[in-house]
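Taking it in order: structure first as structure tokens, then the write-up.
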Amino acid sequence: DFSKAMSQAGPSQFQEVIRQELEYSMKVELDKILATASSNELEHTKKDLEGFKKLFHRFLQEKGPSVDWGKIQRPPEDSIQPYEKIKARGLPDNIASVLNKLVVVKLNGGLGTSMGCKGPKSLIGVRNENTFLDLTVQQIEHLNKSYNTDVPLVLMNSFNTDDDTKKILQKYSHSRVKIYTFNQSRYPRINKETLLPIAKDVSYSGENTECWYPPGHGDIYASFYNSGLLDNLIAEGKEYIFVSNIDNLGATVDLYILNHLMNPPNGKRCEFVMEVTNKTRADVKGGTLTQYENKLRLVEIAQVPKAHVDEFKSVSKFKIFNTNNLWIALSAIKRLQEKNAIDMEIIVNPKTLDGGLNVIQLETAVGAAIKSFENSLGINVPRSRFLPVKTTSDLLLVMSNLYSLNAGSLTMSEKREFPTVPLVKLGSSFTKVQDYLRRFESIPDMLELDHLTVSGDVTFGKNVSLKGTVIIIANHGDRIDIPAGALLENKIVSGNLRILDH
């Protein structure tokens with residue numbers, strides 16, 4: 001009696017049968033895709049699909065991303081060190097020999113689509129015609145020239161950014177920075193209903209571009225290892241990587257943190273350091289470091305049970321968040337990768353494609369691996385080390401006179417009287433970089449600005465000064481032109497304003 005047997009089997013065995021069927025169907029589909037690979041694509045496609053299969057297996061096994069809220073504890077006092085304490089140790093005389101053990105890795109897989117740009121985000125101009133990539137190369141070149149060292153730059157590209165990035169790298173061929181690239185994996189997007197891949201073959205051009213995705217920056221460990229670059233750098237005597245997002249303009253090489261890693265005060269080296277910084281109201285969604293089952297652990301908002309989300313966002317209980325500036329020992333990555341022991345929670349990212357199809361992407365985050373490493377540490381760094389440019393509102397800040405540019409590094413202008421940046425909210429007319437640039441004849445003076453909100457069809461003339469709180473709202477169908485040389489201090493401008501020269 002089958003139905004009787006099934007009813008006695010209980011839900012868990014029934015689920016197990018379904019899981020096995022889903023896994024089998026997925027394997028069949030992936031084999032079909034692999035069969036379409038040419039001989040020179042076969043090896044890396046096979047590696048990609050193997051990695052994806054492991055992730056899919058875990059996705060089916062795990063009961064959702066939630067952490068057990070009752071097990072979350074505040075990290076022990078010494079597990080998150082204040083940056084001042086690390087800086088107070090000073091620097092050794094032989095800082096060059098310490099620098100020669102370092103590799104800078106930038107996460108360069110993202111496109112500029114959220115800012116209305118085609119191509120890699122790293123090629124968007126951010127300051128005096130310099131792109132994110134230009135500034136990164138200038139910073140490392142300055143370091144190598146100042147200390148007579150050989151710190152290389154490694155870019156983790158995705159299949160979306162690889163070709164365009166490689167073309168542009170030729171312009172740095174005479175700079176004093178060795179630049180290497182490797183590609184993160186390419187995984188198939190899954191149909192949300194059937195849980196099968198939407199790709200039918202390996203191609204990812206033309207109409208197939210939407211079938212594939214780069215699986216988040218947690219993929220760095222496997223891709224870096226598989227590329228062979230990890231082993232080459234270890235063979236060259238490199239010991240640590242400094243990893244950060246290429247759009248975080250505050251993520252420069254910090255000699256004090258590097259020295260702390262290479263010459264630890266207690267003689268025991270950290271395998272993983274995460275730079276965290278104090279939350280403001282703008283960062284309530286950022287992942288935070290907690291103590292969980294006797295390990296430092298990164299908890300992201302997606303893992304928090306719904307009933308505790310407000311508590312997670314509280315600035316008083318969880319005071320810090322992850323900047324995604326990470327320092328990791330190369331030998332530890334190799335060891336853990338070979339043991340298959342890097343454990344990162346799966347992030348399920350739902351997307352709706354242009355045609356309306358609902359898909360999911362399975363991703364991981366690089367910082368989530370902190371619990372797999374030995375002797376991990378958080379360092380609470382100044383806010384200046386977290387300067388991400390995700391929107392044109394961020395772009396306005398870094399293009400303005402709030403910052404001065406020196407050897408590729410942006411530092412807060414000494415003329416700014418308080419250390420925090422103004423809160424800037426530009427409306428939807430400014431979302432795309434080309435529209436944003438068209439609306440500013442020159443970037444306003446913002447040294448004394450606290451808050452700027454702009455909404456609707458607004459343009460700024462040359463040499464405008466903004467101070468205090470400025471709110472400019474053009475109603476639908478109206479237009480506001482802020483005239484050249486205007487000073488707006490604690491002003492609300494609304495309605496329709498066009499000041500014309502007589």
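From the backbone N, Cα and C atoms, a Cβ is placed for every residue, glycine too.
No curator has checked TrEMBL annotations; they are predicted automatically.
Computed from a predicted structure; not experimentally measured.
Features of the protein shown, as given by TrEMBL:
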BINDING   Lys121, Gln184, Gly216, Asp247, Lys390  UTP binding site
BINDING   His217  substrate binding site
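Recorded features from TrEMBL, shown on the structure.
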residue: Lys121; record: UTP binding site; contacts (Cβ under 8 Å, 6+ apart): Gly110, Leu111, Gly112, Met115, Phe132, Thr161, Ile246, Asp247
residue: Gln184; record: UTP binding site; contacts (Cβ under 8 Å, 6+ apart): Gly109, Met156, Asn157, Ser158, Pro214, Pro215, His217, Asp219, Ile220, Ser223
residue: Gly216; record: UTP binding site; contacts (Cβ under 8 Å, 6+ apart): Ile347, Asn349, Glu363, Thr364, Ala365
residue: Lys390; record: UTP binding site; contacts (Cβ under 8 Å, 6+ apart): Ser114, Asp247
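Among the record's UTP binders, Lys121, Gln184, Gly216, Asp247, Lys390, no two C-alpha atoms are more than 21 Å apart, and one pair sits at exactly that spread. There are 22 other CB atoms within 10 A of the CB of Asp247 (UTP binding site), with all protein chains counted.
Within 10 Å of the C-beta of the residue listed as 'substrate binding site' there are 24 other C-beta atoms, taking all protein chains into account.
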